[in-house]
Amino acid sequence: MASKNSASLALFFALNILFFTLTVATNCNCKPSPKPKPVPSPKPKPVQCPPPPRPSVPSPNPRPVTPPRTPGSSGNSCPIDALKLGVCANVLSSLLNIQLGQPSSQQCCSLIQGLVDVDAAICLCTALRANVLGINLNVPISLSVLLNVCNRKLPSGFQCA
């Protein structure tokens, strides 16, 4: 039995010496490698604010203000959208006994209500020439009829061109 115990002790010491030798042999006295520094995130570019608006200095030559239209100053264009004048087709149709719906001279006349006679004639002439009304008629006669229905007069010498 003593030989078993001594054999066990000899094996125990042999293994201890082996492990001690291995640990001493692998110790190289090296410093541990330093931890890598984290890569800094890119800094956002500073936002450039637009420069404050400079106070406007009036120019020495201000733009002329267009004077408001007076009853005698007519231009060559209609201040009303010609497509809106399509309601005047019902007025002409009812006068010619063509039933396209309920005739309403009120709608047509209300469109040209605030215009002088020349402007009203220009607007209706534009609508007739563009055939917005959808009826092929003699333009001077149709123009005169539409103006008369709305209690307007065809200006003397006016040519629907």
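Here the Cβ of each residue, glycine as well, is placed from N, Cα and C on the backbone.
Feature annotations, reproduced from Swiss-Prot:
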COMPBIAS  33-70  compositional bias 'Pro residues'
REGION    32-76  region 'Disordered'
REGION    34-49  region '2 X 8 AA tandem repeats A of P-S-P-K-P-K-P-V'
REPEAT    32-39  repeat 'A-1'
REPEAT    40-47  repeat 'A-2'
SIGNAL    1-25  signal peptide
What are the helix, strand and coil residue counts for the repeat 'A-1' (32-39) according to DSSP? 0 helix, 0 strand, 8 coil
Looking only at the repeat 'A-2' (40-47), what are its DSSP counts of helix, strand and coil residues? 0 helix, 0 strand, 8 coil
